[in-house]
């Protein structure tokens, strides 16, 4: 899949844009002032496969905690700043790898210059985060409504503020809870600038609804070569955001590592408790780091036949099942032992 070429920026040890891989981001939902809990959550996100993590910085206590946080985690930390430019300066001083701000809401040009200068000295990029819920009044008055054109104009205005103070290590996000508006906005902005784009559907919802909306929005753009880093916004454990984000990237071939898991939807031919088996296999595969494709199929029609491309899998029978590798049957196993035998074979691969 051909990606649209963008400028490359460095976020801590991670590159975003250019020829670098598409990365997965998340945001902590702990109180940043509680450095212990925030560090614990970031470490869980790292284990899940997160590449970059963002922390809210609502006040100076939170900004001060960033010093302890950044010293004790491996992931690059992005400080999420609104309104007070001094929080951005404090965050930079305390070791963050990037800022997320809207230059237009942190004050005068002089204040923007101070933030940009400080970020430039530390080689820290700035993400301009435009959101459909926080458009400027003059833009809303111009368009009379929130729309893709309005969001893009807001983003370009913020870009110009930074460019005017000679700052170009920029990442852009234009998020909306309306999936079609989000898609249209990124399509438009990708034609206007070559800065890396951070994809996401804001306020996407709970794990179920949010996964659907994010997969459609982010997936559509990735299929068109648009996007350099992604964040799946979910109401829930941030680790789930990372899991969903990584699966989206796997689907489009942007992430080759880790297990790809497939299973059939079951039908009248299914004679084993495939739903229970599939859920158990999927859960146990979370601890597997091997880059393999695993299939759990309800009958011999779907597996090993239709699942021939899988590295290993199960095909159900009546009270028993077949374990196959690359379409070749290797053993017949009783239903109650299927999962254990499958995992044993995977461990030996």
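A Cβ is built for glycine as well, from the same backbone N, Cα and C atoms used for every other residue.
Annotated [4Fe-4S] cluster binding site per Swiss-Prot: 264, 267, 299, 306, in sequence order, evidence recorded as sequence analysis.
Positions of the features from Swiss-Prot, shown on the structure.
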residue	record	CB count, 10 Å
264	[4Fe-4S] cluster binding site	21
267	[4Fe-4S] cluster binding site	11
299	[4Fe-4S] cluster binding site	22
